[in-house]
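Peer 1: Pasting a structure below so you can have a look.
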Amino acid sequence: MKKIGVLAIQGAVDEHIQMIESAGALAFKVKHSNDLAGLDGLVLPGGESTTMRKIMKRYDLMEPVKAFASKGKAIFGTCAGLVLLSKEIEGGEESLGLIEATAIRNGFGRQKESFEAELNVEAFGEPAFEAIFIRAPYLIEPSNEVAVLATVENRIVAAKQANILVTAFHPELTNDNRWMNYFLEKMV
């Protein structure tokens, strides 16, 4: 059985754990670098990316997460996770640099501009995925190595590169497990 960690420093940790378990994998909370040992994949949940980065630095998690990815282990970042995994963040904040694109934080607006949208994802077929966007980022300037999986208003909201999967929205807040199934079946 696949073992998936959830970075448990902020955000929708419990919701991701439920989604992982409902997809048939084992879920573990990751709070320290030694918690990464033995995992097949890692989820960086939504939250506030600046706060998450500061906590990751305080607990010395930035380099261990990069090393985890460099071993070919899969990482799935949602919302703030997308921001942290991007090569660059508009404004010059430090990132993990694991997907070759630039993240635009709060790209669709602030909290009051949060919304839901139907996404047609080729890998999923029908029906469309009902995505929940909360202070959502998006990606720009992807390299040729990045596969765009979904867009809203011509903005990249889901993508993958090698062993890294990112979404600008919160699949863990829906009852639709297709993104986690995709991660477990195609990436891990």
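Even glycines carry a Cβ here, placed using N, Cα and C.
Keep in mind the model is a prediction, meaning the values are calculated, not measured.
As annotated by Swiss-Prot, active site, nucleophile applies to Cys79. Feature annotation from Swiss-Prot assigns active site, charge relay system to His170, Glu172. What Swiss-Prot records for Gly47, Glu48, Ser49, Arg105, Ile134, Arg135 is L-glutamine binding site, and it gives sequence analysis as the kind of evidence.
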Peer 1: Taking only the active-site residues Cys79, His170, Glu172, which one has a CA atom nearest to the CA atom of Ser49 (L-glutamine binding site)?
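Peer 2: So, spelling it out, the nearest of the active-site residues is Cys79.
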Peer 1: Specify the nearest of the active-site residues Cys79, His170, Glu172 to Gly47 (L-glutamine binding site), where nearness means the distance between Cα atoms.
Peer 2: Cys79
Peer 1: Which has the fewest other Cβ atoms within 10 Å: Glu48, Glu172, the recorded positions listed?
Peer 2: Glu48
Peer 1: Are there residues of the same chain, six or more positions away from Arg105 (L-glutamine binding site), whose CB falls under 8 angstroms from its CB, and which are they?
Peer 2: Ser49, Val83, Ile89, Glu90, Gly91, Pro137
Peer 1: Which residues of the same chain, at least 6 positions away in sequence, have a Cβ lying under 8 Å from the Cβ of Cys79 (active site, nucleophile)?
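Peer 2: Same-chain residues close to Cys79 (active site, nucleophile) (Cβ under 8 Å, separated by 6 or more) are Gly11, Pro45, Gly46, Gly47, Ile134, Arg135, Ala136, Pro137, Thr167, Ala168, Phe169, His170.
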Peer 1: For the L-glutamine binding site, please report the maximum Cα-Cα distance among Gly47, Glu48, Ser49, Arg105, Ile134, Arg135 in Å.
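Peer 2: Roughly 13 Å, rounded to the nearest whole number.
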Peer 1: Work out the three-state DSSP category of Gly47 (L-glutamine binding site).
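Peer 2: Assignment for Gly47 (L-glutamine binding site) reads coil.
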